[in-house]
């Protein structure tokens, strides 16, 4: 009995070792789970469900195989793949979730999210996020030819990398008050998220009780998952 959480794989054809590691994860660890939750940034970039990138089809088939085996897969959008839509969800068998979701996991109420909305000290990013999450902006972008979308996405990634290089690490991490506010809004003592690439289990106080924030790591040289069982919540790093 276990529910698994992963995030920030940033899958791309230029990183075949990470792709292979994810395929092994789907075929082995995930097959033993009650459910798999992917908390955003499964892909390095997503410019629309109509992008014929072979990697996308390969991942859809692999995830669908997991779902068809009896393990449901749920997905929360990240800041890199927020344009994943109903078509890819249908092809992969994934269930799309809202950006914040409370789960009842073996008697624990657990809030899950990608985590970028917690980084409220980074005002520049939050302003950018508000723009690209505007439904009208997204609809307009998706009407553009694929080659133009690719150019825009590449330019945005380059701009993001340049901007982040000049920001302090503290600004790009979560805001502690925002974390507590979210946990108290949802009346939970557990929060699982990704985005910051800083795997850790943090103890804090929320709702006048001890609380825990579990941060998933990015998949670079190793994989990262959170395994929730009736008895434990465990952050696990594993070789790819």
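The backbone N, Cα and C atoms fix where each Cβ goes, glycine too.
According to Swiss-Prot:
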{"type": "BINDING", "residues": "8, 10, 41, 197", "note": "Mn(2+) 1 binding site"}
{"type": "BINDING", "residues": "41, 79, 114, 195", "note": "Mn(2+) 2 binding site"}
{"type": "BINDING", "residues": "79, 80, 122, 160, 164, 167, 195", "note": "substrate binding site"}
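Location within the structure of each feature annotated in Swiss-Prot.
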{"residue": "8", "record": "Mn(2+) 1 binding site", "DSSP (3 states)": "coil"}
{"residue": "41", "record": "Mn(2+) 1 binding site", "DSSP (3 states)": "coil"}
{"residue": "79", "record": "Mn(2+) 2 binding site", "DSSP (3 states)": "coil"}
{"residue": "114", "record": "Mn(2+) 2 binding site", "DSSP (3 states)": "coil"}
{"residue": "122", "record": "substrate binding site", "DSSP (3 states)": "coil"}
{"residue": "160", "record": "substrate binding site", "DSSP (3 states)": "helix"}
{"residue": "195", "record": "Mn(2+) 2 binding site", "DSSP (3 states)": "coil"}
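Of 41, 80, 160, all annotated as binding-site residues, the residue with the shortest Cα distance to residue 195 (Mn(2+) 2 binding site) is 41. Note: the Cα of residue 122 (substrate binding site) and the Cα of residue 197 (Mn(2+) 1 binding site) are spaced 16 Å from each other. Remark: residue 8 (Mn(2+) 1 binding site) has 40, 41, 78, 194, 195, 197, 216, 217, 218, 219, 224 as non-local neighbours, by Cβ distance under 8 Å and separation of at least 6 in sequence.
Minimal Cβ crowding within 10 Å, among the binding-site residues 79, 160, is found at 160. Cα spacing between residue 10 (Mn(2+) 1 binding site) and residue 160 (substrate binding site): 15 Å, rounded to the nearest whole number.
Close to residue 114 (Mn(2+) 2 binding site) in the fold, though at least 6 residues off in sequence, lie 7, 39, 40, 41, 76, 77, 78, 79, 99, 193, 194, 195, each with a CB less than 8 Å from its CB. The Cβ neighbour count for residue 41 (Mn(2+) 1 binding site), using a 10 Å radius over every protein chain in view, is 29.
Of all the Cβ atoms in the protein chains shown, 26 others lie within 10 Å of the Cβ of residue 80 (substrate binding site). Other Cβ atoms within 10 Å of the Cβ of residue 195 (Mn(2+) 2 binding site) number 26 in total over all chains.
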